[in-house]
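J.: Quick one: the structure is below, questions incoming.
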Amino acid sequence: MFTIRPDEISSVIRDQIQKYNTELQVTNVGTVLQVGDGIARVYGLEKCMASELLEFEDGTIGIALNLEEDNVGAVLMGAGRTIEEGSTVRATGRIASIPVGPAFLGRVVNALAIPIDGKGDIVGSETRLLESPAPGIIKRKSVYEPLATGITAIDAMIPIGRGQRELIIGDRQTGKTTIAIDTILNQKGKGVVCVYVAIGQKASTVAQIVEVLRSRGALEYTIIVAANANEPAALQYLAPYTGCTLGEYVMYNGLTLPGSDKKINAALLVYDDLSKQAVAYRQMSLLLRRPPGREAYPGDVFYLHSRLLERAAKLSPDLGEGSLTALPIIETQAGDVSAYIPTNVISITDGQIFLDSGLFNSGLRPAIDAGISVSRVGGAAQTKAMKKVAGKLRLDLAQFSELEAFSQFASDLDKATQAQLARGLRLREILKQPQYSPLSVAQQVAIIYAATNGYLDDIDVKGIQPFKQQFLNYLDSSVSEYGQEIETTKALTDKAVDLLKKALNDFKTTVKK
């Protein structure tokens, strides 16, 4: 028969008393009033903060965007199909933040920095807020280091510096993404970490870009953030901030690439494209019943982009001179750069590269319209060698454009005008460049020097591209001294000019034979 021992009972009671926790847990809880279209209205949550993360019963995360008198309007970061009216919502007390660190290199993540490439979890070295304040005036330094894109037309006429924000703008299918990807490919071995943010794109397009970067060895220094077209508007809205936060970690903290012991603190960010982010934000704002403004965008759509792009900077020496360069992409409709979003982003950035569909269809690729493309601060970052040859190129091309328009109406042209037109055609031809084939500064300087100094005048226009390719191959293999001279001095020295002239004359002689 079972006997009850008083000492056992007393020890159990004593244990229970000792384990008893008097600590109270206070949770801010609300109730779902209405849910649908990626938006939830929640009653309660009196102490909710703006942009606070909310957790729904089914595990879906939301962000509180509208704080109204009697309810909170939240956007859902998932489908939210199992959220029911009347279910409870818990305020987490946290603002949206993501893990950051070197482990993200070579990975594809979503807008919440969760890996989507099937290569396992990523362990971040620290956590950063998605919305961080941009560096102030004292924390910045003016742009002075070049960020070479490898595209001759850009590096010569619209140079980009580290810490600059240069807009790439044009109609669909004019080569905007190609310029961005070429720039990423050209950073190989140059100590720059790249972040490519794909907003509202097809998953197949993103997969194609990942494959291009992987096959050319660029994925090891690149992070890809993807919020595809089928994902909720909230994730498409957040993706650029996620990419920016990952880039900011590099700018402020620096990191070492695999197989290298050198710490790098320069980052390049591509937002492809901010038009789709603005559309996602408009969708969210209209569903939250915010008043619509021009083109039905909310009144704070300028602030949406300005607070993102102002985070790109060149830091002062006190902060380590890190840099975050931004290449936002904007898609125009029928070349209309005076629409709301294009004008907003043009006014925020330090210059724009305008791509023209007419030029693209005529065979000029990259289809850069040099007339309305500009770099407001990049000139200070251009290397001396490029500056020396680019001035003449820009002037000759401007005169050629004027003459070309005039020559359409004139029947008889004098010899000097004909020679100028012929030179202009050859200059335009050397600026053509195939996809995914960036050139080094030395190669760009060589071909511009050859064209502006008349070395290509006796070559047929159709033969310019083959000549350019063969000459650059010859220069790399037989006159490697020239490349080394440009690389070490960053200037077109007398020695470099002599080597280049000799190489051009020797090569033309062998070609004629």
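Each Cβ is built from the backbone N, Cα and C atoms, and glycine gets one as well.
Keep in mind the model is a prediction, meaning the values are calculated, not measured.
Pulled these from Swiss-Prot:
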{"type": "BINDING", "residues": "Gly170, Asp171, Arg172, Gln173, Thr174, Gly175, Lys176, Thr177", "note": "ATP binding site"}
{"type": "SITE", "residues": "Ser373", "note": "site 'Required for activity'"}
J.: By Cβ count within 10 Å, point out the most packed of the recorded positions listed: Gln173, Thr174, Thr177, Ser373.
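T.: Most Cβ neighbours within 10 Å: Thr174.
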J.: Around the C-beta of Lys176 (ATP binding site), how many further C-beta atoms are within 10 angstroms, looking at every protein chain?
T.: 26
J.: Once the DSSP letters are reduced so that anything not helix or strand counts as coil, what is Gly170 (ATP binding site)?
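T.: Going by the DSSP assignment, Gly170 (ATP binding site) falls within a strand, counted as strand.
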J.: Determine the most Cβ-crowded residue among the binding-site residues Gly170, Gly175, using a 10 Å radius around each Cβ and all protein chains in the structure.
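T.: Of Gly170, Gly175, the one with the most crowded Cβ is Gly170.
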J.: Give me the count of other Cβ atoms within 10 A of the Cβ belonging to Arg172 (ATP binding site).
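T.: Counting Cβ neighbours of Arg172 (ATP binding site) within 10 Å gives 11.
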J.: Just the number: how many Å between the Cα atoms of Asp171 (ATP binding site) and Ser373 (site 'Required for activity')?
T.: 15
J.: Reported as an integer number of Å, what is the Cα distance between Thr177 (ATP binding site) and Ser373 (site 'Required for activity')?
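T.: Distance (Cα to Cα, whole Å): 17 Å.
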